[in-house]
């Protein structure tokens, strides 16, 4: 299930950031990717810099960069922890982020030491953020 905001999909059951990353929390493991809004804003993605396994990260640290025909965008960690897994498929198929941002287009799994849930949006709150912050400017 998802929430539609204009042309964008907000997947239910995930947490979101103001910089348009999503986080799927499963115990202390957090799968991270970019939102439908982010991938559509970038247009055709041609390269994804896959993060390094074992890298320590803090919330707000850059963990990846996504290059499209339009721009380069950084991906920020929504949590504190250690990167334990990366989506190697993105090296050969960066377009997975466009095709399936909430599924096969995930970027990394972080073993979290701190999940600042109070600083992250719920699906409903992110949908409202998109409505108020993003769609008002279009």
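Residue positions begin at 1 at the first shown residue.
Here the Cβ of each residue, glycine as well, is placed from N, Cα and C on the backbone.
In TrEMBL, annotation is done automatically, which means it is predicted and not curated.
Listed features, source TrEMBL:
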DOMAIN    29-111  domain 'Lipoyl-binding'
MOD_RES   70  N6-lipoyllysine
Review point. Per DSSP, what is the residue count of the domain 'Lipoyl-binding' (29-111) in each of helix, strand and coil?
Key: 15 helix, 36 strand, 32 coil
Exercise for review: Could you pull the average pLDDT for the domain 'Lipoyl-binding' (29-111)?
Suggested key: 98
